[in-house]
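J.: Just dropping this structure here.
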Amino acid sequence: MKYIGAHVSAAGGVENAPKNAGLIGATAFALFTKNQRQWKAKTLTEKSILGFKEACRTLGYGPGQILAHDSYLINLGHPDRESLEKSRAAFVDEMERCQQLGISLLNFHPGSHLGRIDIDPCLATIAASINLALEQTQDVTAVIENTAGQGTNLGFDFSQIRTIIDQVEDKTRVGVCLDTCHSFSAGYDLKSEHGFHQTFETFDRVIGFDYLKGMHLNDSTKAMGSRVDRHASLGQGTLGMAPFERIMKDTRFDNIPLILETPDPSLWASEIQQLRAFL
């Protein structure tokens, strides 16, 4: 089964996210459980929590079809101790919010060294941050998203993600979300048929499909290897539609949330239909 959806708005309360997903014919969805550009947020009310769970039940969204996304402000590899502790506390809060809502997957960007520490110590700090969060929470998997490698962001190379996973103590609660735009911008060829198969052979060898918990399906405005993160609507960028057809026809991508983060929400319903037509 292919679970296809988009990162929908939770404006007015998290309980609105499942409804917004239903309106575009989605069988999966992503959401922010709080304002993604603020450190602090009001605690979730009992009304919102019950409303979210009831909407998911009514519309048929199980935990494996929902991929929460954490705040953009969080940097679990921050070289400054005070800023790191602030990020770690915010990440635990994000995990706890997922726990309250019955969401089992929290997607996050691994972190950045900011040009102030070497890569390996930064990766170790990210892993330590994950360990601390997992110790303080339960039932939620920390899902590392690969990045485009823009600026000093880490996680653009599969081996960097593997290094983080190797240092996470509870391997049952860590996973990976692959973003097609990020992968392509980081230099992984998803466009050609040979490159597509080679990329996922590499992913399986270095990380392993057992860790794949979700995907972001985005075209890219930039060339392969550009290390620039700019999403495009499906078929309107440098990737084209072929990679997305391959993903739809490949059973390795079954039973995980496949989430659009394409820039035009008015196209999401038709993009979902396009993807379904490949099945």
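Heads up, the Cβ atoms here are built off N, Cα and C, so glycines get one too.
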J.: Pick the one from H182, H194, H197 that Swiss-Prot also lists for the Zn(2+) 3 site with D229, H231.
T.: H182
J.: Swiss-Prot records E145, D179, E261 as Zn(2+) 2-binding residues. Which of H113, H216 is assigned to the same site?
T.: H216
J.: Cα distance, H231 (Zn(2+) 3 binding site) to E261 (Zn(2+) 2 binding site), nearest Å?
T.: 7
J.: I need the neighbours of the Zn(2+) 3 site defined by H182, D229, H231. Which other residues of that chain put their C-beta within 8 angstroms of the C-beta centroid, in sequence order?
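T.: Surrounding the site, in chain order, are T147, A148, D179, C181, S185, H216, N218, S220, R230, E261.
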J.: Counting all other Cβ atoms within 10 Å across every protein chain shown, which of the binding-site residues E145, D179, D229, E261 scores highest?
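T.: Ranked by Cβ atoms within 10 Å, first place goes to D179.
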J.: Check E261 (Zn(2+) 2 binding site) against DSSP and tell me helix, strand or coil, would you?
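T.: DSSP assigns E261 (Zn(2+) 2 binding site) to coil.
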J.: Suppose we draw a 10 Å sphere around the Cβ of H109 (Zn(2+) 1 binding site). How many other Cβ atoms does it contain, all chains included?
T.: 25
